[in-house]
Amino acid sequence: MNTALIIETKRHNSFTSPHNKRAPVSKRVGRERCHSYTDSPKSSSKLLAPPKMSFRVVRSSKFRHVYGQALKREQCYDNIRVSKSSWDSTFCAVNPKFLAIIVESAGGGAFIVLPHNKVGRIPADHPLVGGHKGPVLDIAWCPHNDNVIASGSEDCVVKVWQIPDGGISRTLTEPVVDLVYHQRRVGLVLWHPTAQNVLLTAGSDNQIAIWNVGTGEVLLSLDCHPDLIYSACWNWNGSKLLTTCRDKKIRIIDPRKGEVEAEAIAHEGSKASRAIFLKHGLVFTTGFSRMSERQYSLRTPDGLGEPIVTVEIDTSNGVMFPLYDPDTNLIYLCGKGDSVIRYFEVTPEPPFVHYINTFQTPDPQRGIGMMPKRGCDVATCEIAKFYRLNNSGLCQVVSMTVPRKSELFQEDLYPDTLSDEASLTAEEWLAGEDAEPCTMSLKERAVVVQGGYVSGRAQQLTVNKRSNALATGREKEKDKERDKDRSPTPAQRRDDSQAGTPASATPPPAPALSAIEKQLSDLVDEIRKLKSVIVKQENRIRALEAAAKAAVLAPPAEPEPQPETQPQPHHNHGSPAPDAMAPDEV
């Protein structure tokens, strides 16, 4: 190959130089071979060096060809009055059963809850969930109960609601429990990923409260932020907390100790920033530079002040919300006011955050919600589903799909994902225990109903407020009876099953059994008596009917002849007859 290149070079020189005469091919080749031996090493290395070729290696990834597709308008939700609040929130929350959207309402705050099958144009008088006295700022579905949702409002109150299966038929104004602690508006509600009934709330009073919704009391309160809290995020097992603040710092906090383990400046811009924990412990942030350019960064918990990667995206005013899928390590960036959704893949190889593609729409988005993985349609290789809120009142459904030809279940796309079971109780987590989240296999347990997994059990949230020291003896006895009647938590059921005696299989005491048997025998006797009475009444009714029928069919009876009366003999004696009347009597 090198000899051919040299020949072509000499041939080119012979054409360009008029004084050089071309020699026969055999002589040229031999002469060039001689020159190759007699030239200096430096010149020969230049002649024999292979040409440099520049090429780009395509990164191997199964998510390189992920594409987004918006559903038809008939399959979306229209005529929704999305909230016009200027608060930086997504205004939308989704789970496999319901879609919740914060809407405009007069005389307080409200949000609408729709089952996924109620698509199309929503009536203007559709029932709302409206018990707040001020506009609703944030909503969040409970990850361990698809019928429970929490809402924070400007009226400084957090309310927890129970939504029945199938949605609400009338406006709901009575919550399960009211959580009153903050002195100013509550703009952030966040459920714990592993502990049951543990809810985090943050308000404009720079306070963070961690609640036990089952009892309605504050477990922990954190006062380590000097200014407004923008966002909060739990790590994978719920042992650490990551927050962003108006003072431009991100903080990693141990919530049970109330200590700040690490803090650093995230982005130099003064606008709002967001931060999330990735599955393996890394920290991903979005914010603004000093020149108001939107950017994202990737950091390690040990080096928050030195980001691994910092990339500037564009210049815009909208806050970017990072939506993370831990199963695929994909991050979707959705900006408020943008008409695009950018998605990236996080890998261990540089540059660590790889840009994949952008989904574009003509309408800007006002809010967005992401469906959990157990609500995605595995039959079409759907790995994510978004609900975009437009200013026109349309909630557009966007499906992110990996193109595959096979119709079989793709195990590489769907590893075990988060389930709706809690790993710990609130008391266990508060005592210092940590546990990995419960996972499930979409292949074994998923039921594709209207494009997603639907939980087969409807749980009822029970709130048992603890009695205070001033309660009377009768009230304490009622509380004890209520505690006995309360159903066990999934963690307690798991502990009982590990101990070999499940809570549901625990036999009642012998006196209770005897009382139940006596009640059953009494009921059987009463039923027998009722049956005998019914039989007697039926026989009586049949006899009366037969008599009435016979009376109707029988001929009329002839009247009996009356006997003639004999004339009374006249008494000719001087005394009148007994029945005779005197002449002067009337």
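The backbone N, Cα and C atoms fix where each Cβ goes, glycine too.
Predicted automatically and left uncurated, TrEMBL annotations should be read as such.
Per TrEMBL, compositional bias 'Basic residues' is recorded for 19-28. Sequence annotations record features per position, and here TrEMBL assigns repeat 'WD' to 129-171, 179-221. Taken from TrEMBL, the feature coiled coil covers 513-547. Annotation source TrEMBL lists compositional bias 'Pro residues' at 556-566.
Long-range neighbours of the repeat 'WD' (129-171) within the same chain, counting only residues 6 or more positions beyond its ends whose Cβ lies under 8 Å from a Cβ of the stretch, are 83, 85, 87, 89, 93-98, 100, 102, 105, 108-115, 118, 177-191, 193, 196-197, 199, 201, 203, 211, 213, 372, 418, 420-422, 455, 458-461, 463, 490. Same-chain neighbours of the repeat 'WD' (179-221): 87, 89, 134, 137-144, 150-160, 227-229, 231-234, 236-238, 241, 243, 255-256, 258, 418, 422-426, 428-430, 434-438, 461-466, 489-491, counting only residues six or more beyond its ends whose CB sits under 8 Å from a CB of the stretch.
Using DSSP to sort the residues of the repeat 'WD' (179-221) gives these counts of helix, strand and coil: 0 helix, 25 strand, 18 coil. The average per-residue pLDDT of the prediction over the repeat 'WD' (179-221) is 96, rounded to a whole number. The repeat 'WD' (129-171): residue composition by secondary structure is 0 helix, 22 strand, 21 coil, according to DSSP.
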